[in-house]
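This report refers to the structure that appears directly beneath it.
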Amino acid sequence: MNAPETIQAKPRKRYDAGVMKYKEMGYWDGDYVPKDTDVLALFRITPQDGVDPVEAAAAVAGESSTATWTVVWTDRLTACDMYRAKAYRVDPVPNNPEQFFCYVAYDLSLFEEGSIANLTASIIGNVFSFKPIKAARLEDMRFPVAYVKTFAGPSTGIIVERERLDKFGRPLLGATTKPKLGLSGRNYGRVVYEGLKGGLDFMKDDENINSQPFMHWRDRFLFVMDAVNKASAATGEVKGSYLNVTAGTMEEMYRRAEFAKSLGSVIIMVDLIVGWTCIQSMSNWCRQNDMILHLHRAGHGTYTRQKNHGVSFRVIAKWLRLAGVDHMHTGTAVGKLEGDPLTVQGYYNVCRDAYTQTDLTRGLFFDQDWASLRKVMPVASGGIHAGQMHQLIHLFGDDVVLQFGGGTIGHPQGIQAGATANRVALEAMVLARNEGRDILNEGPEILRDAARWCAPLRAALDTWGDITFNYTPTDTSDFVPTASVA
């Protein structure tokens, strides 16, 4: 009697019907060397218990490019080897054994030129709810020059904005009108006038002031521009106020933007929550009409703040620069809103660099050539006051808008005095810096000396002193200890 024959399972072929691991379908290639023309993405992933990190990385690559849950024969009708995204590197996250950094390369032909909506539909459209992964976060991206050149970028940029304002050698100053809701058009305009007359360069609508029963948008625009014109005449300076044109439809947003232009406004504003197609459309309108576009990052914290899941703001900032905003809120580090100092400085690099170099301490994982795209003016706003002027200039330099909302309008001597306090503090600090003084360490002394001759600044320092919202940041680099803002 013959011995029973051992039956061995036949190895699976790539296009055999059924379910196959993503890494076996070609979405993992540890030997892959990214091309200069690839779009690169870095994800922080937390695989489910028992899931191989390499398989999880391959799943991210697959689900953000061409894969579905089972083998499909129609892949063979495409240049599938080229169109498959490739996870090519997986690193453990320092001090966090459950998390991994996975690097994914995408062929440039996967993306429509000049469309952030298309880019995001692939990169973040599906993978964040994939069951084998507990959590995923998009930490950084690199775009090839060929892709960057399909975007027009900011219509104005830092240099042209300064030329239009005729203001050089210092940060710009602004304030958000408070309270953000409830004022009548006339009272709103009065707040704007007082702030600009006192020395600010800009006033600003807040994210949720649109057209409500207490103040129709047209009334606000009329009273605000009357205030801007009167303050400009009184001071001899070019002034502006960010008029929020955010509305329920693109048609209505265009209508409000046209009205702002007809009144002589130099700048309009939109909220991040309007979406990428709308942001790019408004950027195109601003380019055609010689207007500055301010972007308030309303809603970003819902997906940027948590370290293990969502999208890092450095990625949002890169998308916004491509999309063509001229201003964007990027954090203060010393204010009331989330922001690790080094991480926030990384956001400023994304806005202002001609070529952003890898800097792991700032959370920048890739070099990025911006291909002569104009630079974005970062905006520091949220819980800052005159007593922090030395910290703000030390952290962010000159090319930034420092917006003191409560730090202007909450001044005990009134709005105009609050604006004057901020302007005097700024000019005293810039002068001291230009004289070679160590403003970070000598800053409090410099402010006290300036306050001897400026009652509004003295009152501001007496009211807020050295108040800083120094909480432990939730979003920090995993490569270095968190720096202190003190």
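Positions of Cβ are set from backbone N, Cα and C atoms, glycine also.
The feature substrate binding site is assigned by Swiss-Prot to Asn126, Thr176, Lys180, Arg297, His329, Ser381. The C-beta environment of His329 (substrate binding site), restricted to residues of the same chain at least 6 apart in sequence and closer than 8 Å, consists of Leu295, His296, Arg297, Pro378, Val379, Ala380, Ser381, Gly382.
Summarising the annotation, Swiss-Prot assigns active site, proton acceptor to Lys178 (among others). The Cβ of Lys178 (active site, proton acceptor) lies under 8 Å from the Cβ of Val191, Asp206, Gly405, Gly406, Ile409, Gly410, each of these being in the same chain and 6 or more residues away along the sequence.
As annotated by Swiss-Prot, N6-carboxylysine applies to Lys204, with the evidence given as experimental evidence. Long-range Cβ neighbours of Lys204 (N6-carboxylysine) (same chain, at least 6 residues apart, Cβ-Cβ under 8 Å): Gly174, Ala175, Thr176, Thr177, Ser241, Tyr242, Met269, His294, Gln403, Gly405.
According to Swiss-Prot, the feature Mg(2+) binding site maps to Lys204, Asp206, Glu207.
As annotated by Swiss-Prot, active site, proton acceptor applies to His296 (among others). For His296 (active site, proton acceptor), the Cβ neighbour count at a 10 Å cut-off comes to 26, with all displayed protein chains included.
Positions annotated as site 'Transition state stabilizer' by Swiss-Prot: Lys336.
Close to Asn126 (substrate binding site) in the fold, though at least 6 residues off in sequence, lie Glu63, Ser64, each with a CB less than 8 Å from its CB.
Figure note: comparing Cβ neighbours within 10 Å for the binding-site residues Lys180, Arg297, the maximum is reached by Arg297.
Geometry remark: Glu207 (Mg(2+) binding site) versus Lys180 (substrate binding site), CA distance 8 Å. In three-state terms derived from DSSP, Asp206 (Mg(2+) binding site) belongs to neither a helical nor a strand segment and is classed as coil. Annotation note: Arg297 (substrate binding site) sits in a coil segment as assigned by DSSP. Each residue in Thr176, Thr177, Lys180, Asp205, Asn208, Ile209, Tyr242, Asn244, Met269, His296, Ala298 lies on the same chain as Lys204, Asp206, Glu207 and has a C-beta within 8 Å of the C-beta centroid of that Mg(2+) site, without being one of the site residues.
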